[in-house]
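Quick notes on the structure that follows.
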Amino acid sequence: MERTLTILKPDCVKKQLIGAVTDKIERAGFRIIAMKKTRLTKETAGEFYAVHRERPFYGELVEFMSSGPCVPMILEKENAVADFRTLIGATDPAEAAEGTVRKLYADSKGENIVHGSDSAENAAIEAGFFFSAEEVVRVN
């Protein structure tokens, strides 16, 4: 089983779409093995997205991710990373495929409802940022 990390971003929480997006995730065959509602500070958002520090959108991303609560989750499924990225769609909702999370719910490239890890290696690192081993509940 492969794992991936997702974050339901502040726009998702503000729009009261946690249930709708979580339902779509579960219907796609993912198991949620860790989940919590939290709020990132500018510092923690900056740490999480440090890989983008030199990119022009970094400041806006940190501001947005610290603007309200978010819901990180660890998901488990065969081929989890690729399947989840297909489920959520392109970063820009205008380019996302019909029926994807971002096409359905996102307003813009900057406020695009959800984060999804881009590799199994990054998923493990990102999961460790939000969850301790004790918080991960394996479902049989």
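Cβ atoms are placed via backbone N, Cα and C, with glycine included.
Values in this document were obtained by computation on a predicted structure and should not be read as measured data.
The following features are taken from Swiss-Prot:
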ACT_SITE  His115  active site, pros-phosphohistidine intermediate
BINDING   Lys9, Phe57, Arg85, Thr91, Arg102, Asn112  ATP binding site
Cα-Cα distance, maximum over Lys9, Phe57, Arg85, Thr91, Arg102, Asn112, record's ATP binders, Å: 21
For the residue listed as 'active site, pros-phosphohistidine intermediate', the three-state class that DSSP assigns: strand
Spatial neighbours of His115 (active site, pros-phosphohistidine intermediate) among the binding-site residues Lys9, Phe57, Thr91 [C-alpha, 10 Å]: Lys9, Thr91
Among Arg102, His115, the most crowded of the recorded positions [Cβ within 10 Å]: Arg102
Binding-site residues compared (Thr91, Asn112) - highest count of Cβ atoms within 10 Å: Asn112
For Phe57 (ATP binding site): intrachain residues, at least 6 apart, with Cβ closer than 8 Å: Gly110
Entry from the binding-site residues list Lys9, Arg85 having the most other CB atoms no farther than 10 A: Lys9
